[in-house]
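According to Swiss-Prot, the features are:
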| type | residues | note |
| --- | --- | --- |
| BINDING | 42, 43, 44, 45, 46, 47, 48, 49 | ATP binding site |
| DOMAIN | 6-244 | domain 'ABC transporter' |
| TRANSMEM | 271-291 | transmembrane segment |
| TRANSMEM | 415-435 | transmembrane segment |
| TRANSMEM | 517-537 | transmembrane segment |
| TRANSMEM | 574-594 | transmembrane segment |
| TRANSMEM | 609-629 | transmembrane segment |
């Protein structure tokens with residue numbers, strides 16, 4: 001076995017006591033050679049446990065030097081000390097210190113996780129060690145299913161997992177019956193014969209008598225040392241595995257597994273912790289989905305009224321009393337606008353209310369004179385029949401296109417296309433019916449459309465129009481087109497007697513306002529998510545307190561501060577992710593119920609919203625889990641192991 005001698009030179013260990021300090025170890029100088037079997041004996045409070053803690057790199061001297069295989073432990077930081085524990089030491093405790101929620105196999109394999117051993121290798125080695133100690137077939141038993149002697153043998157196997165060049169046994173037989181105690185001592189002697197250095201801390205002279213060397217300590221000082229260091233034993237001990245530190249994948253897998261076990265062990269508490277996250281995520285997702293759905297509903301309605309369109313009205317602005325006196329909107333303007341390169345299509349519009357009759361049905365409807373491109377400009381589709389042709393406009397044909405309301409009122413379920421109705425005093429043939437729009441825009445009023453030439457000459461008795469609607473070609477900026485239209489009409493009319501209404505600008509304004517409102521609502525909902533995150537932090541702080549001994553055990557077998565931090569951070573993130581997933585599922589449930597009561601529009605649960613929920617869950621887990629995880633990582637292993 002390669003040398004791993006232990007040397008203490010003038011070691012003092014002091015602890016604060018009020019305003020003073022108490023010396024527990026006083027000027028201890030000691031050497032233990034590789035391969036020795038040593039007993040450290042003393043009464044309770046003599047300092048023997050403190051000495052063992054320093055020997056095992058769980059604690060450091062206040063004064064003096066401690067070397068392990070020539071390496072000064074006082075010059076090492078926490079992670080380097082953890083590596084030293086992993087590579088050289090194996091601990092056997094009086095109360096076994098096995099993790100109750102892990103199987104015997106997993107308890108034994110735990111040190112190898114932090115040493116970076118691959119999963120299959122550490123499982124094979126753990127099985128071999130358990131079989132070597134007479135525990136074959138007990139691999140999947142938990143500590144509560146094993147006797148005291150069996151638990152101590154599991155503890156011994158764990159001490160050997162990374163090689164265990166130096167075995168530190170603290171009262172290894174103290175909690176066992178005589179038979180089990182004898183069995184444990186037999187195993188320790190065999191390990192010493194195989195080349196392991198075995199150091200036993202005990203108050204029992206009968207146990208001490210079975211070792212090669214006895215060191216008696218009283219009031220922090222070495223009272224008696226039975227002999228000089230023994231010669232180094234033959235090299236038969238299993239060497240520790242090369243320690244490159246735990247692989248990230250192995251560390252994450254172990255952290256995930258332990259997080260699942262911790263959640264399973266406290267199901268009610270985990271469920272209550274998740275509840276805050278579930279409500280928070282469901283609130284945020286639902287509010288955003290409602291906001292997005294309502295925005296889409298409004299914007300779709302606006303688009304159905306015509307996109308890429310600019311409407312030119314008579315007068316200076318809305319409410320202009322002189323608007324009705326403007327007579328400059330003429331067919332020549334339509335021709336001039338159609339000649340512009342940025343214009344896709346143009347339609348004039350003139351509207352009047354007229355009585356409509358068909359057989360015994362007599363209703364009042366809005367009759368609108370339009371151009372042949374009206375339905376294209378407005379983005380309207382025909383459910384039946386056809387639209388107006390160029391000849392319909394040119395020859396002032398008496399034809400009409402109905403909306404769905406007019407069709408239903410006049411014809412019910414009967415045929416509409418081809419029927420002749422009376423518009424005012426003018427007979428007109430129905431050539432088409434406009435499809436019902438999904439939105440509620442337009443209400444329940446009755447509308448129908450005629451060629452503007454027919455309406456002007458046969459119904460309205462006027463040649464001027466009320467307005468123009470211009471559809472701008474795709475890719476052309478509507479803002480620039482609006483300016484060009486204004487300049488053209490100002491020149492033709494000899495002045496500006498009109499104003500324009502840019503539908504795309506309105507669309508952008510509505511979209512911006514909707515997003516701002518959605519963001520405001522989401523920020524309100526985020527408050528519940530923050531409250532849930534605080535709940536996670538509180539529960540994780542409680543969990544750290546409850547699992548302090550587990551943290552100490554993990555540190556004793558070689559876990560670094562980063563490993564402990566990652567362990568508890570993973571648990572917090574996992575709780576939040578599971579809560580987030582349930583929250584998203586709940587949002588889908590809310591969306592389904594919402595659709596039962598609101599049929600006009602739907603909540604918009606888009607992939608970005610779901611991704612946002614997952615990101616929020618992870619972020620909450622990291623932010624609110626970091627403080628408890630950091631507290632766990634900063635625990636002193638001695639204090640942690642001593643916690644009941």
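Quick reminder: no glycine exception, Cβ is built from N, Cα and C everywhere.
Annotated features, which come from Swiss-Prot, shown on the structure.
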residue	record	CB count, 10 Å
42	ATP binding site	22
43	ATP binding site	12
44	ATP binding site	7
45	ATP binding site	12
46	ATP binding site	21
47	ATP binding site	23
48	ATP binding site	25
49	ATP binding site	19
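For the transmembrane segment (415-435), the residues of the chain that approach it from at least six positions outside its boundaries are 354-358, 367, 375, 380-388, 398-404, 407, 448, 450, 454, 458-459, judged by C-beta separation under 8 angstroms.
Within 8 Å of the Cβ centroid of the ATP site, not counting the listed residues 42, 43, 44, 45, 46, 47, 48, 49, the chain contributes 203, 217, 218. Mean model confidence of the domain 'ABC transporter' (6-244) amounts to 86 (pLDDT, 0 to 100 scale). According to its DSSP assignment, residue 48 (ATP binding site) is helical.
Residue 42 (ATP binding site) falls outside any helix or strand according to DSSP and counts as coil.
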